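Everything on this sheet refers to the single structure shown next.
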Amino acid sequence: ILGLLSFPLLTTNSYFLGLFILAMIYSIYAASWDLLAGFTGKVSFGHAIFLGIAGYVTAELLKFYNFHWLSALFFGVLAAVLIGLGLGYMTLRLKGPYLALGTLVIGIICQNIFALNPLKPILHGDEGISGLPALSSSTVVIYYIVLIFMIITFIVLIRITKLNIGTLFKSIRDDETGSEAAGINITKYKIIAFMISGLFAGLAGGLFAMFNRSVSPLIFQPLYSFYAIIIAALGGLATISGSALGAFLFVFLTAIFVDFAEISLLIFSIIL
């Protein structure tokens, strides 16, 4: 943390600060996936749903309703939490590969819905929403805003894993049938896990849209869901804090292999 706090004192280069900002946003995103998959055992291949919904709501309110960025981000995160509630209910009976495939399909459906031309007046079609106001005219200020959100995310998520609810999540992950037999309301806690995961993935989505100053249906594509999985795996599953290490490794390795973007996932698969 001290290194991240002091980094802008070493350089004000926008490119390197941008890489760090992106890595911090991805670390929030991957940590949210790790809570759901690593601690609760609910492996989602459609985590980009949260990223996209929050990104779109945040962008819509910023661009067309002149909301303050904090208010827009709040409603974007709230939308992601509600999606988490709905997704939790929809996938209650799905387990293992069926849950993974089910969430993958829902994510692809979302991408196609947001790209539909008949819905362009509402969802803005393939182009999405662009030209969002900048969080700040200073990249350093944006850096510290994202850093604050990242620190808060990790404090809260790590704390959750240490509390009784975290123990219940792990119990469901390790033995769902046994947990239910022991009197744990697994339906309730699975939905809570989806909602908490959606909250922080939504936070990442809102920050991602504001950082890029745009959002499009591509944010729902499976690639972004796999980013969360790769980053969490690089840092170590069921650790939360490992997502930070994984995110920085991912972003900087991706920057190095930028000319080989089409095989980047293959490269990471080999590494893993």
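The backbone N, Cα and C atoms fix where each Cβ goes, glycine too.
Taken from TrEMBL, the feature transmembrane segment applies to 15-36 (among others).
Per TrEMBL, transmembrane segment is recorded for 43-62 (among others).
The annotation transmembrane segment is assigned in TrEMBL to 68-91 (among others). Away from its own ends, the transmembrane segment (68-91) comes close to residues 42, 46, 49-50, 53-59, 61-62, 99, 102-103, 106, 133, 135, 190-199, 201-203, 205-207, 209-210 of its chain (Cβ-Cβ under 8 Å, at least six residues beyond either end).
Residues or ranges marked as transmembrane segment in TrEMBL: 98-116 (among others).
Positions annotated as transmembrane segment by TrEMBL: 141-160 (among others).
Counting only same-chain residues 6+ beyond the ends of the transmembrane segment (191-211), those with a CB under 8 A from a CB of the stretch are 21-22, 25-26, 28-29, 31-33, 35-36, 39-40, 42, 44, 47, 50-59, 62, 69, 72-73, 76-85, 87-89, 91-92, 129, 132, 134-135, 142, 146, 149, 153, 156-157, 160, 165, 169, 219, 228. Per TrEMBL, the feature transmembrane segment maps to 191-211 (among others).
What TrEMBL lists as transmembrane segment is 223-240 (among others). Proximity of distant same-chain residues to the transmembrane segment (223-240), defined by a Cβ-Cβ separation under 8 Å and at least 6 residues beyond the stretch ends, is recorded for 26-27, 29-35, 37-39, 44-48, 51-52, 103-104, 107, 154, 157-158, 161, 201, 246-247, 249-250, 265, 268, 271-272.
Here TrEMBL flags 247-271 (among others) as transmembrane segment.
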Folded-back contacts onto the transmembrane segment (98-116), same chain, C-beta under 8 angstroms, at least six residues removed: 42-49, 52-53, 56, 87, 90-91, 123-126, 128, 217-218, 220-222, 225
Cβ contacts under 8 Å made by the transmembrane segment (141-160) with residues that lie 6+ beyond its boundaries: 1, 4-5, 7-8, 17, 20-21, 24-25, 27-28, 31-32, 35, 134-135, 166, 196, 200, 203, 207, 211, 240-241, 244
